[in-house]
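In what follows, a structure is listed as structure tokens, so that the remarks can point back to it.
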């Protein structure tokens, strides 16, 4: 099965296109206008929201919990990713023409995949931290130490960067002389020129990224929450104040996981179905492949929405985060008022000086 020249897949990071079976893979025209607008909206909300989260976590050093550190790193991953969205917005608006060169094609694609891995790994560590704090509250002191937390953060970023390396190797710009455009796509000519082998590479990398970046971590999170649910239910009748705080934090993290699953599941399902079609393990009809082509940009957009939702979830569920944000806003107002006061004082002093100078001259 060889990729069609009509359309080069831009959303699936381990895919070069849909199978060439003589079908018409024409894109839905409104997507060229709608998708860039959605990307820029996610960019604006994600940049401001995650910036506030990072600053809030950094500022509250004395009250920082282990969960806050993971949340801060989750926001950092999302912030790094949303910075690339203007490039993808322009790319889509130009009809999938990439004008930014090979380096930005590789780097921006790499950042997208690093974000996917780092986000799900941070959520997995958050879930495991809650599992230890609630199910093994008396015996998990060493596992929840600062050194262990820093080691897990190092492992998260190392694994995320490592697992995304195939994008750096294979993602490049491809000139399409037929449509007079340059696409940012996967090119496996470094490892094979055989179309069947290329299909295996596409399917293998696509399925492995979905397994490692979604399915296995989500299963681990599900197991953690099953144990947590049993423990919380068992001790529901006599919760101490400290336990109530744990429950509030648990509610926030559970919401983050559920929203993450809601946003990313359609993307991984469509990506896996496309990968299986390369292996002839899924329908290979024109209608099915055309459905994947039309649905994939919007499934991708839904996945990207997750990067701007988390700050609003913190603000809605976490009273402490809300109060810290209000303190931040009050600090800004105070600084603005102080600057205005200084400006007024300087202006008055300047006017007084000018009057004195004029009186001297007269």
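Including glycine, each Cβ sits where the backbone N, Cα and C put it.
Looking at 35-55, 182-202, the range annotated in Swiss-Prot as transmembrane segment turns out to be 35-55. Relative to the membrane, residue 30 and residue 140 are annotated in Swiss-Prot as lying on opposing sides.
Among the ranges 2-22, 128-148, 212-232, the stretch that Swiss-Prot annotates as transmembrane segment is 212-232. In terms of DSSP secondary structure, the topological domain 'Cytoplasmic' (128-149) contains 12 helix, 0 strand, 10 coil. Between the alpha carbons (Cα) of residue 184 (disulfide bond) and residue 286 (disulfide bond) lies a span of roughly 24 Å. Classification of residue 286 (disulfide bond) by DSSP places it within a helix.
Here the C-alpha separation of residue 180 (N-linked glycosylation site) and residue 105 (disulfide bond) works out to 18 Å. Rounded to a whole value, the Cα-Cα separation of residue 105 (disulfide bond) and residue 286 (disulfide bond) is 29 Å. When each of the recorded positions 105, 180, 184, 286 is scored by how many other Cβ atoms sit within 10 Å of its Cβ, 180 comes out lowest. Helix, strand and coil counts from DSSP across the topological domain 'Extracellular' (171-211) read 17 helix, 12 strand, 12 coil.
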